Amino acid sequence: MFLHLPSSQCSLPNSCGLHWPRSRVPPLADRLSIKLRRLRVQRQAVDRRLPGSVNLPVLFVSAAVANRVSNRVLLAPLLHHTYFLALTTTVAQLVVYLTWLKRRCRKGLVQDLMWSFAKRNPALITAFGMCEGAFFPLVVLAGVAAFTSFPRTSGSVAVVALCIAAYGLQAGAMVLKEVVFSRYQKNPAGSCAGHANDGIGGDRCLPFDPALFLTAGTGCRLLVQFLAWPVFQQLTQGLSLRSCFAAGFQAMQQPSVLPLVVFYIAANVALSITALLLVQKTSAAATVLANVVALPLSALVFCLPLPLLEQQAFHWQFALSLVLIVLGNLLYSHRSLRE
């Protein structure tokens with residue numbers, strides 16, 4: 001027979017010193033206990049995600065600003081070796097991603113389901129690598145067109161056309177990132193749907209690994225850049241690949257250039273990783289908004305004294321127009337960001 005006490009004196013039997021056998025614990029108490037445990041687990045998970053959700057956009061914007069500024073600074077000493085710089089950056093990124101992937105495989109974070117998903121969907125990852133691979137040559141051509149002695153009208157048209165094509169491919173790469181992650185989460189073979197609402201066992205289903213995605217995509221990008229290298233050389237300088245490699249390597253070895261190259265490669269690696277994690281943990285809309293914020297900040301940095309560049313004049317009208325652009329994009333994307 002159960003002993004009932006007033007609720008003001010006792011809320012749970014064990015707290016009042018009454019020890020029931022486990023088999024006689026009321027089912028309601030079991031359900032409440034399990035529900036409380038799940039709520040605690042979910043609250044801890046939210047608390048762990050909150051700092052990352054705030055810091056990740058800040059890291060992405062910082063990396064984007066550093067990438068744009070360092071790229072513009074390097075155009076001064078490496079104006080005739082920009083494609084070699086792009087190839088060097090891609091090779092360095094691939095080495096970093098392979099090392100990262102190897103470490104994550106050793107820790108068991110890259111599951112067999114992820115490898116099988118990548119094998120079943122090679123077109124998505126290849127398309128991502130091709131978009132990013134074509135982005136670099138187009139940006140380099142735009143830089144060459146902007147800083148060579150083209151006629152004013154035709155040069156401006158060429159720069160605008162190349163920039164539109166390049167950033168269109170970059171937008172396509174961003175969409176492909178979100179498609180890969182969302183398709184993996186909805187993939188029945190991945191069994192992610194069965195753990196989506198499980199408060200206790202949800203950690204067993206991991207999202208698609210960013211190191212695996214970046215390694216595969218960067219390998220495809222490097223292949224595209226190598227294939228486009230001879231064509232690029234014929235359109236710009238007409239040098240052989242061996243001569244281009246020797247001249248680019250020698251130009252990078254200058255004491256004033258080598259630290260900037262290392263910084264530029266580090267900024268590229270940080271930008272790629274933070275962009276991928278931002279798409280994975282938030283949405284493509286949040287990534288686009290963060291990229292829009294990074295663009296005016298990069299323009300304002302050029303008003304500061306930078307090495308190898310002439311300091312630009314600061315105008316309040318320019319700053320106000322940049323603020324209006326950011327606010328307009330924020331208002332346009334606020335519904336997507338809430339979701």
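Cβ coordinates come from backbone N, Cα and C, glycine included.
Please treat TrEMBL annotations as automatic predictions, because they have not gone through curation.
Per TrEMBL, transmembrane segment is recorded for 82-101 (among others). Beyond its flanks by at least six residues, the transmembrane segment (82-101) meets 74-75, 110, 133, 136-137, 140, 143-144, 209, 211-212, 214-215, 218-219, 221-222, 225-226, 229, 232-233, 236, 244-245, 247-249, 252, 261, 264-265, 268-269, 272 of its own chain at Cβ-Cβ distances under 8 Å.
The transmembrane segment annotation in TrEMBL covers 122-150 (among others).
The transmembrane segment annotation in TrEMBL covers 156-176 (among others).
Under the heading transmembrane segment, TrEMBL lists 211-232 (among others). Only residues 6 or more beyond the boundaries of the transmembrane segment (211-232), in the same chain, are considered here, and those with a CB under 8 A from a CB of the stretch are 83, 86-87, 90-91, 93-94, 97-98, 100-101, 104, 110, 114-115, 118, 125-126, 128-130, 132-134, 136-137, 140-141, 177, 180, 241, 244, 272-273, 276.
Residues annotated as transmembrane segment in TrEMBL: 257-279 (among others).
Annotation comment: TrEMBL describes 286-308 (among others) as transmembrane segment.
The annotation transmembrane segment is assigned in TrEMBL to 314-332 (among others).
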